[in-house]
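Asker: Pulled these features from TrEMBL for this protein:
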TRANSMEM  28-49  transmembrane segment
TRANSMEM  69-87  transmembrane segment
TRANSMEM  94-113  transmembrane segment
TRANSMEM  142-163  transmembrane segment
TRANSMEM  184-207  transmembrane segment
TRANSMEM  213-235  transmembrane segment
TRANSMEM  335-359  transmembrane segment
TRANSMEM  379-400  transmembrane segment
TRANSMEM  412-433  transmembrane segment
TRANSMEM  465-487  transmembrane segment
TRANSMEM  499-519  transmembrane segment
TRANSMEM  545-564  transmembrane segment
């Protein structure tokens with residue numbers, strides 16, 4: 001932070017230097033949190049109830065309907081990379097959020113339009129009836145559907161890509177008070193997601209199932225409109241990150257290219273001989289500095305000077321700064337943590353697809369006049385999270401902080417580990433519940449019962465156990481990962497930091513589609529149903545075995561995670577050259593362990 005409260009690298013909405021007393025802080029974070037709440041309210045219903053829409057309205061079979069939703073979710077998350085790169089390099093985070101929010105608003109409007117007009121969708125048909133001959137959505141109607149759906153995916157992905165980082169921009173990491181507020185922000189992000197999600201999976205899902213999909217999508221469209229209004233309303237208070245027009249991703253790639261080109265060169269015995277910009281250089285006042293670390297030495301070859309020179313005219317594809325190399329090392333060391341978060345999303349995909357379809361076969365009556373939509377079951381963990389998150393942030397974290405001295409209470413990776421264990425437990429519980437559901441169907445001679453018309457005499461709330469456990473896992477893992485990636489990512493890639501989580505989730509969703517197809521292919525000849533998950537009759541397939549497979553994969557994944565997490569060294573502190581740092585200070589800063 002500069003003189004008179006000016007914040008370096010941040011401006012207000014008119015392009016003037018942002019000041020600490022007028023911009024940022026929790027005052028600016030509140031509309032950002034509100035936008036995230038409305039955005040989740042708008043699109044979560046598609047993630048949890050979209051399988052029902054594709055299966056019951058667009059007449060796709062169960063496996064294809066589930067795959068369409070996991071593909072949609074995966075695409076939404078993978079698009080975060082594109083939006084984040086544009087936000088970091090050209091657009092800026094606020095503009096990226098605003099543009100993609102408008103795109104999602106338009107996509108949701110198209111979905112509402114198609115659901116309203118019968119000519120834009122196939123004729124209504126109960127494809128769970130083996131005697132029915134249902135026509136799947138095709139041709140122009142299918143094109144309309146997927147254009148609208150993937151506009152929503154792009155918009156949703158853009159908001160997820162830039163909004164958490166824009167929220168974190170409202171705080172300074174080197175200010176102890178604001179560092180604690182930033183930790184609170186990430187916890188509250190989960191809280192507002194839960195609040196928006198609670199409305200989405202109850203009110204909007206109920207409206208979709210009982211009042212019409214057109215009204216449901218229309219309400220989602222209105223929620224997205226409110227999100228845009230709230231986002232713009234906070235504009236005068238934001239600290240807006242200044243984009244430089246250069247790609248930080250390119251700088252990372254340059255390190256790998258330079259290291260490969262210099263692979264035959266000999267590293268100097270003294271690391272201080274590696275190339276680094278002089279702190280006396282005028283350009284250094286705006287540069288980030290990291291100390292050299294002994295890890296991943298092969299990347300150090302990107303900083304070998306041949307011959308040693310102080311000249312500023314260097315080829316960045318042949319010679320890189322030590323700080324640039326260290327940033328590349330950090331990203332590479334984060335890769336195992338990134339990979340270990342994929343399996344958890346694989347489990348989440350099943351809660352949003354097959355678990356919902358299980359619910360359609362069960363008794364959904366709460367009272368004589370009220371039924372709970374199966375897609376509304378996530379309200380159970382969401383309800384508990386709405387209670388637990390404030391308790392965790394307001395009581396548990398401050399208590400633990402007294403002993404650890406960490407603003408977050410426990411380390412990011414410890415928090416993630418707890419969530420990974422709970423996700424494995426949730427899949428094991430799901431397997432037990434599915435066995436019970438099938439036993440009820442078998443004992444009542446209802447294996448071929450038509451869902452909704454002949455519900456099984458077992459209540460849908462049995463599914464709440466797996467949802468509840470996974471919801472607690474969410475609180476630990478996803479918030480921990482958001483904080484971890486944001487804190488460890490180089491300054492120039494902060495918008496991209498949240499994309500590590502979203503990309504892992506994208507891969508998890510795509511992997512779900514692949515795994516379903518592999519499992520069906522591998523078990524096609526050994527099951528009467530033509531595969532564990534084949535056909536439209538859940539009572540005769542082997543979903544319980546699929547859940548056991550996921551639980552086993554989750555346990556193996558946790559053990560791998562534990563191996564890498566115990567060896568991970570947290571990002572070193574950077575040097576603030578505005579405080580008259582001297583060149584030798586780079587050698588005095590040790591990494592946090």
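Just so you know, glycine gets a Cβ as well, placed from its N, Cα and C.
Quick caveat, the model's predicted, so the values are computed rather than measured.
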Asker: Which stretch from 412-433, 465-487, 499-519 shares the most C-beta pairs under 8 Å with the transmembrane segment (379-400)?
Answerer: 465-487
Asker: Using a Cβ cut-off of under 8 Å, list the residues of the same chain at least 6 residues beyond the transmembrane segment (545-564) that approach it.
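Answerer: Here the qualifying positions are 336-337, 340, 343-344, 346-347, 350, 354, 416-417, 420-421, 423-425, 427-428, 430-431, 434, 519, 532-533.
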Asker: I'm a bit unsure how to read this: which one of 94-113, 142-163, 184-207, 213-235, 465-487 has the highest number of Cβ pairs shorter than 8 Å with the transmembrane segment (69-87)?
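Answerer: Of the candidates 94-113, 142-163, 184-207, 213-235, 465-487, 142-163 scores highest.
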Asker: Give me the stretch from 94-113, 142-163, 465-487, 499-519 with the greatest number of Cβ pairs under 8 Å to the transmembrane segment (335-359).
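Answerer: Going through each listed stretch, the top one turns out to be 499-519.
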Asker: Please give the sequence-distant neighbours of the transmembrane segment (465-487): residues at least 6 beyond its ends with Cβ less than 8 Å from one of its Cβ atoms.
Answerer: 164-165, 168, 173, 183, 186-187, 189-190, 334, 337, 341, 344, 347-348, 351, 355, 377-378, 380-382, 384-385, 388-389, 392, 408, 412-416, 418-423, 425-427, 429-430, 433, 494, 497-498, 500-501, 504, 570-571
Asker: Cβ pairs under 8 Å with the transmembrane segment (94-113): which stretch of 184-207, 213-235, 499-519 has the most?
Answerer: 213-235
Asker: Restricting to the same chain and to residues at least six past its boundaries, which positions have a Cβ under 8 Å from a Cβ of the transmembrane segment (213-235)?
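Answerer: For the transmembrane segment (213-235), the nonlocal Cβ contacts are 13, 28, 30-32, 34-39, 41-43, 45-46, 53, 57, 94, 97-98, 101-102, 104-105, 108-109, 111-113, 115-116, 155, 196, 199-200, 203-205, 207.
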Asker: Taking a Cβ cut-off under 8 Å, which residues six or more beyond the ends of the transmembrane segment (142-163) line up next to it in the same chain?
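Answerer: Sequence-remote neighbours of the transmembrane segment (142-163) are 32, 35-36, 39, 43, 46, 58, 72-73, 75-81, 83-84, 87, 93-94, 96-97, 99-108, 110-111, 114, 120-121, 224, 495-496, 498-499, 502.
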